[in-house]
Amino acid sequence: MQDFTNETLDIDALPKYEEVVLNAISRKYWRVALLNIAIFLLILAAAIGMVLFFVEGFRPYLYVTTGIYLLFSILLIALYRTSIKRIGYAIREKDLIYKSGIISISTSIIPFTRIQHITLNEGIFSRMFQLGSLHVFTAGGISGSITIPGLDINMAKAIKEELNRQLAKVD
Amino acid sequence: MGTDFSEPKRQSAAGVAVMFADHLQRSIRVLVFPIILLLVRAKGMNHWYLIAGFLVFLFILIIYSYLSYLRFSFFLDEEKQEFVIQKGVLSKEHISIRLDKIQQVNINQSLIQRIIGVYSLDIDTAGSDKKEASIKAIDHHTATILRERLLNRDTPDPTAEKSTDEQRLKSEPLLKLSTSTLFKVGLTSNYGASVALLMGFIFAIMEMLKNYTEAFQLEENPIKALSTEGLNMISIGVLLFFALLIVLGTNILRNFIKYFDFEVIKKKAVLAITSGLFEKKHTLLKPARVQISSYSQNYFQKKLDLMNMKFKQASFDAADEDDKDNKKHDIEIPGCDENERDELLKMIFECIPQKESTFIPNYRFLFLTIMLKVVIPIAFFLLIGWVLPHLRPYFWWIIPYAILVVIMLYFEFAHHRLYLSEDFIIKKSGIWDVEHQLMEPHKIQGITTKQYFWHKKANIGHLVLHTAAGTIHFKYGNYADIHRMANYWLYYIESGKKDWM
């Protein structure tokens with residue numbers, strides 16, 4: 001493979017984003033996720049229960065349905081668990097790195113000079129655990145923006161402030 | 001109207017007529033069904049009532065148009081560097097646009113405006129600022145000066161304006177589409193859109209014929225006869241020939257209406273583009289505002305040395321779309337040859353981007369796409385055929401389908417390339433129409449790298465570059481290379497002072 005060489009610059013000597021040690025999000029976020037999953041599973045269970053109750057033809061499949069439901073629940077919880085464990089973020093001197101994903105692991109980097117604005121969201125459950133999620137927007141639309149969930153609220157506020165300070169410096 | 005924009009100004013007096021036409025058109029569009037209903041229901045009613053009602057309606061519209069003309073004013077706030085528009089009859093609207101947010105100012109002319117002899121001036125802003133403004137009636141001289149003031153933001157100098165006007169008259173166009181080029185473009189591009197248009201048309205006619213024959217209970221139904229007796233090869237051939245002729249005809253016609261008299265003129269640092277047969281379009285393009293430039297060419301066009309160019313500008317809606325066209329912000333040059341392309345690229349980039357190093361996707365690119373588009377659909381079809389026996393005679397369709405799709409995927413793979421140089425990123429892609437997308441690294445908003453977990457060992461990954469005019473994907477590349485590129489571009493963006501807009 002050829003390289004795009006540049007006489008004065010050794011690309012391998014540049015800081016490597018892929019080797020940055022990432023911070024994990026707050027452990028409490030797992031509880032928020034569990035609450036969300038629990039509500040979803042409860043609604044699903046209620047719907048299945050309704051079908052079993054009103055449609056007599058389905059009753060013989062009671063055990064099969066329960067089995068599939070349990071399997072699905074375990075799978076969902078396991079998937080959430082790993083996906084939360086995989087989330088990592090880092091703030092470098094000049095950019096923001098965010099890594100996530102289970103099947104396809106993606107890493108996004110946004111230079112501070114390209115940030116348009118930053119918002120801090122607190123959901124109901126997140127607020128119960130003093131957590132918040134940070135949205136960093138660029139002109140690249142939704143796909144070009146980053147959302148870091150499950151940050152300790154004080155930490156999130158500090159990051160937001162720091163990023164805003166960086167933005168002001170850039171301007 | 002003068003050339004002093006610091007005081008609130010109204011539109012040209014003829015604006016009343018334009019507004020009237022505009023309101024009339026809009027209200028007719030809204031009221032057409034109620035009116036038809038009224039006409040059908042009110043058979044016994046005196047016609048004079050209807051006519052009187054219509055006249056009253058027209059009178060109200062005229063007054064409303066006049067009021068909206070009176071209430072519409074605009075001015076340029078030099079101090080705040082803002083362009084302000086005030087309008088609204090019942091509710092007042094105050095639109096202020098920061099000059100540095102203005103991307104593009106277009107001077108257009110619709111049919112009505114052409115008859116009256118005025119132009120409209122539309123201001124296009126970037127980013128999440130969704131407010132867009134347009135002045136519906138303005139004379140050409142004022143419009144061009146206002147546009148220049150909005151875009152250039154330098155101190156007004158009447159003599160300079162005059163000289164630019166003269167310059168405009170004298171300067172040779174950078175590119176001018178001749179009738180024959182337009183004809184060639186019509187022959188070789190945009191088959192998809194024309195076929196869709198034609199299909200819609202044919203279905204509408206078929207449906208109408210069906211209703212017609214059913215309504216009159218005709219015994220001879222041509223459509224039914226066709227479908228029951230079946231078509232022999234010759235009639236299919238004739239039909240296909242006519243379909244092809246109609247597709248090409250509509251293509252050529254569409255191109256003529258849209259791009260008649262297409263001209264690109266270089267004016268100082270901007271490109272002025274005019275085109276249109278019925279509706280004249282004037283567009284000014286600032287090279288710094290272009291996010292992605294692209295040119296595309298298919299096999300026929302290559303033989304004719306003809307290509308299609310597109311300049312994508314920043315827009316909040318477009319940023320999320322991959323390859324979809326955002327017509328409003330895109331500036332298209334329907335036909336140009338290699339020299340003209342290089343001239344235009346030089347205007348945009350100040351040099352012609354070179355392909356210094358080439359990056360090729362891994363053969364696994366074919367793996368997954370063949371799996372998704374050939375193996376799985378065929379397996380699915382076989383499974384259904386296994387359940388439903390009457391589908392079995394159609395099993396042989398699998399063979400031409402598989403061959404066609406594999407060939408298409410192979411071309412997609414063969415055309416999927418990334419070319420890099422120090423200051424440029426060039427991405428090549430496409431199956432039939434081969435497109436080159438060109439951009440400078442400082443237009444990048446963010447970088448995403450992706451890897452499926454089973455590709456870790458093979459060291460393969462994907463690259464997504466987010467820009468304000470959409471994304472650029474490079475799939476199945478060497479992940480180590482992708483890391484190096486990303487690190488280089490981050491360095492380029494973060495160490496340089498170049499702004500993306």
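Cβ coordinates come from backbone N, Cα and C, glycine included.
Here TrEMBL flags B:79-147 (among others) as domain 'YdbS-like PH'.
When the domain 'YdbS-like PH' (B:416-486) is classified with DSSP, helix, strand and coil residues number 14 helix, 42 strand, 15 coil. Positions annotated as domain 'YdbS-like PH' by TrEMBL: B:416-486 (among others).
Here TrEMBL flags B:48-67 (among others) as transmembrane segment. Sequence-distant contacts of the transmembrane segment (B:48-67), counting only residues of its own chain at least 6 positions beyond either end whose CB sits under 8 Å from a CB of the stretch, comprise 16, 19-20, 22-24, 27, 38-39, 42, 89.
The feature transmembrane segment is assigned by TrEMBL to B:191-210 (among others).
Residues annotated as transmembrane segment in TrEMBL: B:230-253 (among others).
Residues or ranges marked as transmembrane segment in TrEMBL: B:365-388 (among others). Remote same-chain partners of the transmembrane segment (B:365-388), defined as residues 6 or more beyond its termini with a Cβ less than 8 Å from a stretch Cβ, comprise 394-395, 398, 401-402, 405-406, 409-410, 412-413, 416, 475-476.
The transmembrane segment feature in TrEMBL is assigned to B:394-411 (among others).
As a whole-number mean, the pLDDT of the domain 'YdbS-like PH' (B:79-147) in this prediction is 78. Across the range of the domain 'YdbS-like PH' (B:79-147), the DSSP-based residue counts are 17 helix, 33 strand, 19 coil.
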